[in-house]
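Copied over from TrEMBL, here are the features:
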type     : residues : note
DOMAIN   : 8-145    : domain 'Sodium/calcium exchanger membrane region'
TRANSMEM : 32-50    : transmembrane segment
TRANSMEM : 81-99    : transmembrane segment
TRANSMEM : 108-125  : transmembrane segment
DOMAIN   : 174-319  : domain 'Sodium/calcium exchanger membrane region'
TRANSMEM : 203-225  : transmembrane segment
TRANSMEM : 232-255  : transmembrane segment
TRANSMEM : 270-289  : transmembrane segment
TRANSMEM : 301-320  : transmembrane segment
Amino acid sequence: MSALLLPLLAVIGGFLVLSFSADRLIASAATLARHFGLSIVFIGMTIVAFGTSAPELLVSAVAAANGADGLSVGNAIGSNIINTGLVLGICALVTPLMISRRFLKREFPILLLVMTYAALVLMGGTLGWPQGLALLGAMIAYGVYLGRSHNSDEELEVEFLTIGKARALAETGLMLVLLLSSSQVMVWGSVELARAFGVSELVIGLTVIAFGTSLPELAAAVAGVRRGLYDMTLATVVGSNIFNLLGVLAFPGLIGDGMTLPEPVLARDVPAMFALTLIPGLFFVLARYRHGRAPYVPMNRLAGLLLLLGFAGYMGLLTLEVMAGM
């Protein structure tokens, strides 16, 4: 029993630190946006989104360096499926997300364009340095676009402006480190508890690890919803997904010796990623016509429920295929 105490404390303590750091990260990032004259969408799609994707980047880099290229590809695409189906689904189920029409007209189509571009790059079934350079080049171009197209035009709550620039910058960095560290502590504790109760490594990989690498995105997104920063919530998911496809996915091609993609990647995983992304897209289109020229359109709880059901269906299919191959 004593052997379970440390993992249990890791899960509980990790969750508490995760919740606190995510909430403070969103607050300090919003303050930082105002101090530097940047939009909260820009901060959400860069500092928050790229920062919370650090676990995926680390896993892909280590996997590619050790020749486990399939893990790198699965990590990038699988994280996008979790971000859209699970993270965005939970956020929309908690409360309807009021998203600015301008964000939907600019950023959401770019996500669809990036997904299509990445799928075309991978369509040949190989991932080597030409494909890696193509993805990385698009990542650089996207970064330039972000820097030139966003400025500060949101009215932030008074509480976000109560700390100075230096403190906001330091707090953003510190909370990001705490967010990533606490998620890893929580994953470690969960894995140890699962092993202690006889859960197989396969099930741990399909559940705890897959969920664990998306914990930072989930925590940051939920914190954004709690503070009413819906655009930052969606920006975190969209920015993280774009970074995974263009940045994380480039690593196997640039670091490794080139690889042939596993057949299920293009036949199962990429279509699932598109299908889940199109669910909120469809709701946004319908809401646009329903609400006319209103500056904000809702992503309601039905959309969140459909995302969660779609994610559960994908995970169920994946589990059945793995079990059938055992």
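Placement of Cβ uses the backbone N, Cα and C atoms for every residue, glycine included.
TrEMBL: automatically predicted annotations, no manual curation.
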Would you list the DSSP helix, strand and coil counts for the residues of the domain 'Sodium/calcium exchanger membrane region' (174-319)?
119 helix, 6 strand, 21 coil
Short question: which residues 6 or more past the ends of the transmembrane segment (301-320) have a Cβ under 8 Å from it?
81-82, 84-86, 88-94, 96, 206, 268, 272, 275-276, 279-280, 283
Secondary structure content, the domain 'Sodium/calcium exchanger membrane region' (8-145) (per DSSP, counts of residues)
118 helix, 6 strand, 14 coil
